[in-house]
Amino acid sequence: MAEGGGCRERPDAETQKSELGPLMRTTLQRGAQWYLIDSRWFKQWKKYVGFDSWDMYNVGEHNLFPGPIDNSGLFSDPESQTLKEHLIDELDYVLVPTEAWNKLLNWYGCVEGQQPIVRKVVEHGLFVKHCKVEVYLLELKLCENSDPTNVLSCHFSKADTIATIEKEMRKLFNIPAERETRLWNKYMSNTYEQLSKLDNTVQDAGLYQGQVLVIEPQNEDGTWPRQTLQSKSSTAPSRNFTTSPKSSASPYSSVSASLIANGDSTSTCGMHSSGVSRGGSGFSASYNCQEPPSSHIQPGLCGLGNLGNTCFMNSALQCLSNTAPLTDYFLKDEYEAEINRDNPLGMKGEIAEAYAELIKQMWSGRDAHVAPRMFKTQVGRFAPQFSGYQQQDSQELLAFLLDGLHEDLNRVKKKPYLELKDANGRPDAVVAKEAWENHRLRNDSVIVDTFHGLFKSTLVCPECAKVSVTFDPFCYLTLPLPLKKDRVMEVFLVPADPHCRPTQYRVTVPLMGAVSDLCEALSRLSGIAAENMVVADVYNHRFHKIFQMDEGLNHIMPRDDIFVYEVCSTSVDGSECVTLPVYFRERKSRPSSTSSASALYGQPLLLSVPKHKLTLESLYQAVCDRISRYVKQPLPDEFGSSPLEPGACNGSRNSCEGEDEEEMEHQEEGKEQLSETEGSGEDEPGNDPSETTQKKIKGQPCPKRLFTFSLVNSYGTADINSLAADGKLLKLNSRSTLAMDWDSETRRLYYDEQESEAYEKHVSMLQPQKKKKTTVALRDCIELFTTMETLGEHDPWYCPNCKKHQQATKKFDLWSLPKILVVHLKRFSYNRYWRDKLDTVVEFPIRGLNMSEFVCNLSARPYVYDLIAVSNHYGAMGVGHYTAYAKNKLNGKWYYFDDSNVSLASEDQIVTKAAYVLFYQRRDDEFYKTPSLSSSGSSDGGTRPSSSQQGFGDDEACSMDTN
């Protein structure tokens, strides 16, 4: 069917719902095609057909009709139709299978010029296969060996094969079919890896975002242009690291050539990669060097290349790399004797081997930076959520990695079955010892030795006072931050006075407040009564949503464009008014077609009109008055003697985006609503209803109009009917939506685009935003974590005495703490409507974190910790950048790790609002013997000697707000 078109016979709402319902439950199958639809359009369709049982209000009403499928909100560039970055499933788009898409397309059509967004289902995981739709394709940089400066970008699915890429490159670079070619993966400066296994997929090959691929055509004499380089490099010293002596050769070979900047000499470094043979993966596990042998780098100061949104992984890895007990364990090869390849919960030792390989490279002292390609590939095989190239969470990666390393290195070969016992009034020390011993019977690894501690959890039934005490192991502490209570919003106020421009305001409202709170705050600044305000989300020149006063502000996203309109419920004479949404539309004739297309433009209006004066003439005059600031009226003789006809479109069944006879059924039912006594609605297709009206009202002069009106759906994309100019009252209500239809020439002559978009800034916008110095101490977060709370009604506890679920009180306490204490600051919060990041500065001590007072075990050892690493997150939730601060275990100095860049840091840089995950090392740990304990502090990043162990920290934690 034609693009943009919909079928003439659309099923009723119930049929649409029954046909699409089962299709939306389709299981993902590898290789299947699914389509993206803007969630705003899809939600409108669901309302229209009553798809959700809890939202059956006004099902099938014409004003809810969604019109053609419109995905414009998903594009960062409407021309190229490139997807915006960081789109979120269900929030920004929905995924529908092919059959569902075809039905929707047949019923509604698609906005003219838009191409369907179709994506493949790919499979992830090694043991547990997991299918997901690959929303974001991988961008690869392609070039020919003879001209590396001519780089072309192309997108591929992870399911595409190397052969597919080679075929595409041969076509792009016009390489004759009879000429042999080889494909090379260029990475890390001037290192090349041949991709010789053509049936491998992009995912199998470990290709990443922005990877450069080079195609090499064979010379006419049968030799290869790169052959000379390869033969030369074969004599260079090898620096290959393999994961196992038993590893088989990889299908990839690599060769590198580097120019040494300091001096005239040149050096080549030839490397033959080895792959991990187990599992038949065939992955290359080597990390090619780029530094000359003569250059010495401080071990551990090795950057990690960003493989495409992998800064989250790099940040977590740098923190773990600078955790001395764990790193020494791998550098001394102690892991080799403890790999558990038979653990069903493990990963056959492959995660441990990949991590060991990377750590050895990072601490070799030879590399300024490496690309952790194969480590990421291995992680993606076992944890599909990390297999793509979208931004992830460093703490989530850290949690997976610690758990994966634990299971791969678990010394327990056969886990015994253990029955959990209740405390039953026994002393805490007895129950805690029993819980820890049981934990160690099933879990015994370097991760448990280093990172595991013990919680005490106490539940009390509010009815029978039953006390339940349990002790549970933990690997890291997730500490809540005190929630901010307010939210700053920027909105536009559109006054009722047509001569006043809209004004932008900045208001502070309760974080969990209602729309009425926004109106009250705006009223205090503007002087306009809150009851005369209507709050709307404007999107693509239309109202996406008009809010009720009692709706929560958490329905409003930070990215939404919020306009607040001043309206009147009664007119000056006290009569009742109706408030109507009115859109601007421009009619555009299609080439070689008698039909016309329309496009919304400008800011929509909310117009209050007295009900007893609601005729077409008064409506036209009210709109003209309302837009008089940026629309000039034509002079009486400006159009000569003929009436102004802005396109034969108003009410035409050819009127909207290919919607031929789009709303026939709605036109029929809508006619009863437009006027008390309306003439025949049987307008001939293609005729302007204004002409029809003129024929009806003989003897009346034809008015000169800038635009005509159409009754449309809430999207403004489908016409329902024309408005009668018979002088009778129009039967319109607040759920009716109108469109002003302009022709292109009239818009050009009379519509002032610049003035229509002009607005003023209130003083609240001009003044520097006063940000509260939201600073809390780490102590506050720990106290909040250990505070007693009452369980919510949706998260009750089953009381064994009462035999029912109860909203018990719950309290966490710390019983024992590990050698390495990992503290996760819970900065991200989200619900169905709201996603936010807390930028609170948490002051944490660099040295002397005394946790003893928070440990409820009175006989416990002292717990005093010093900071060794911090994972930072800059930016908002779902976007931004991760870095790390870490203290080198050899020289005791602090360094800043930003992907491949490593720089010296000082202590006063570390405590910022970006701090996300903290790593602390216990002072009595045998590994903790660094120069920092004896060296004096200096500006070069050295640390000062600790002064005491009194209080929460030896020294006052510094804070720096990076606003």
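Every residue gets a Cβ built from N, Cα and C, even glycine.
Just one residue in SER445, SER722, SER852 has phosphoserine written against it in Swiss-Prot, and it is SER445. Range 459-463 is the one annotated as region 'Necessary for interaction with RB1 and RBL2', of 309-313, 459-463, 874-878 (source: Swiss-Prot). Predicted-model confidence for the domain 'DUSP' (11-122) is 86, expressed as mean pLDDT. For the motif 'Nuclear export signal' (133-141), the list of distant contacts is 28, 34, 36, 83, 87, 89, 93, 95, 119-122, 151-159, 165, 202, 207-213, 308, 388-390: same-chain residues at least six beyond its ends, Cβ to Cβ under 8 Å.
Under DSSP, residues within the domain 'Ubiquitin-like 1' (142-226) fall into helix, strand and coil as 11 helix, 33 strand, 41 coil. Across the domain 'Ubiquitin-like 2' (483-571), the DSSP tally of helix, strand and coil residues reads 18 helix, 37 strand, 34 coil.
Taken through DSSP, the motif 'Nuclear export signal' (133-141) splits into 0 helix, 5 strand, 4 coil.
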